[in-house]
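K.L.:
Sharing a structure, written as structure tokens. Questions coming.
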């Protein structure tokens with residue numbers, strides 16, 4: 001049995017591939033159900049974000065477990081294994097453990113040190129527990145990954161000043177505005193006519209960053225008016241005009257900058273729609289949705305400038321170099337947490353022997369206690385019987401403490417195996433026969 005992770009990310013696959021594997025919140029239970037019924041998979045959890053889809057698992061056999069997960073991904077995405085496999089990565093054992101620690105710490109993110117991934121890993125843990133897909137191994141691994149992410153942010157400066165996907169999108173808009181004026185600098189968005197499509201968490205972050213860059217007025221477009229208004233009320237210093245998605249064409253005609261961030265599974269803006277829009281100036285569209293909210297056929301369309309999450313790399317690379325040294329400190333924390341987990345996992349090898357040893361000594365204790373109590377006669381009170389029984393239990397616990405502690409202590413697999421064999425032989429435990 002082993003720990004394995006299979007997935008893809010912005011490092012291995014373009015957005016047009018990632019969006020085909022994205023699993024929406026509505027489809028998560030169905031995905032868990034499919035994976036849970038596979039006889040190769042013992043425990044499983046799913047991490048699905050705009051930049052990655054990763055499936056963490058505890059499997060009977062690494063090769064068979066990885067194949068089962070790849071088969072699921074092919075069926076889910078509609079891609080053949082020959083199309084999908086070049087974009088997938090898979091790790092097992094220590095590599096899988098280190099990977100999830102790095103992910104939670106923000107070290108594998110498009111934006112180094114970004115904080116949103118930690119919330120997404122927490123959500124992965126919650127969803128795995130709610131869908132009864134995680135057992136003791138993944139529970140321990142993923143909760144420790146969350147702790148690692150918190151340590152990285154509290155014990156290093158990696159999270160300080162880190163940009164997020166939303167802030168990178170705003171900076172990309174500033175950069176492209178500057179480039180359109182022949183300047184390689186971030187321009188103020190104060191005079192831009194801004195619209196945001198979507199009223200979720202990413203849109204909230206967009207408004208925060210736009211406000212900090214001089215934007216004091218914008219349109220917020222959503223499928224439901226109520227959710228848009230609720231978000232607008234949280235920003236009293238920004239003049240936010242709410243509209244329904246049905247009125248999107250009006251914003252396509254009158255805005256100069258539109259951000260899209262909805263959970264729609266299909267594009268809401270495509271070339272056919274934009275060709276019907278009459279404009280006097282270029283409309284800049286920045287899509288941070290996965291699956292994409294803006295169709296790929298918009299790129300290259302005259303009068304429109306479209307960008308997706310993969311284009312954020314242009315902004316991110318401007319901020320990364322100064323953070324690399326801090327990242328080395330975070331990597332050291334990740335290595336430390338990885339070792340702690342692997343030592344715990346290795347110690348589980350001793351559990352069957354420890355349980356049999358405890359059971360064997362407990363049988364002896366009960367037998368000898370019964371003999372002693374029978375010799376005490378009827379004059380021996382119930383209180384005195386409880387004292388003697390507690391004494392016998394205390395003796396057993398004292399005897400077990402040192403060997404159990406030593407068996408669970410960090411050591412090489414070969415040394416632990418020798419210790420287990422010695423105890424099994426001396427106490428005639430017969431572990432191999434019982435398994």
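Counting starts with 1 at the first residue shown.
Using the three backbone atoms N, Cα and C, a Cβ is placed for every residue, glycine included.
Note that the structure is a prediction, hence the values are computed from the model and not measured.
So Swiss-Prot says this about it:
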| type | residues | note |
| --- | --- | --- |
| BINDING | 49, 50, 51, 52, 109, 114, 115, 116, 120 | substrate binding site |
| ACT_SITE | 50 | active site, nucleophile |
| SITE | 99 | site 'Important for activity' |
| BINDING | 198, 199, 200, 201, 202, 203 | NADP(+) binding site |
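On this model, are these features tucked inside or out on the surface, and what's nearby?
P.N.:
Secondary structure from DSSP puts residue 51 (substrate binding site) in coil. Under a cutoff of 8 A between CB atoms, and with a sequence separation of 6+ in the same chain, the neighbours of residue 51 (substrate binding site) are 9, 10, 18, 109, 110, 165, 290, 309.
Proximity of residue 50 (active site, nucleophile) to non-local residues of its own chain (separation of 6 or more, Cβ distance below 8 Å) is seen for 18, 22, 165, 288, 289, 290, 309, given in sequence order.
When Cβ atoms from all protein chains are considered, those within 10 Å of residue 99 (site 'Important for activity') total 23, not counting its own.
Around residue 202 (NADP(+) binding site), the same-chain residues six or more apart in sequence whose CB sits under 8 Å from its CB are 165, 166, 261, 288, listed in sequence order.
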K.L.:
Please report the Cα separation of residue 49 (substrate binding site) and residue 99 (site 'Important for activity') in Å, rounded to an integer.
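P.N.:
Cα-Cα distance, residue 49 (substrate binding site) to residue 99 (site 'Important for activity'): 16 Å.
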K.L.:
How far is it from residue 200 (NADP(+) binding site) to residue 99 (site 'Important for activity'), counting Cα to Cα, in Å?
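P.N.:
That comes out at 28 Å between the alpha carbons.
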K.L.:
Tell me the Cα distance separating residue 120 (substrate binding site) from residue 199 (NADP(+) binding site), rounded to the nearest angstrom.
P.N.:
18
K.L.:
Report the nearest neighbour of residue 120 (substrate binding site) in space among the recorded positions 99, 201, 203, comparing Cα positions.
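P.N.:
Spatially nearest to residue 120 (substrate binding site) by Cα position is 201.
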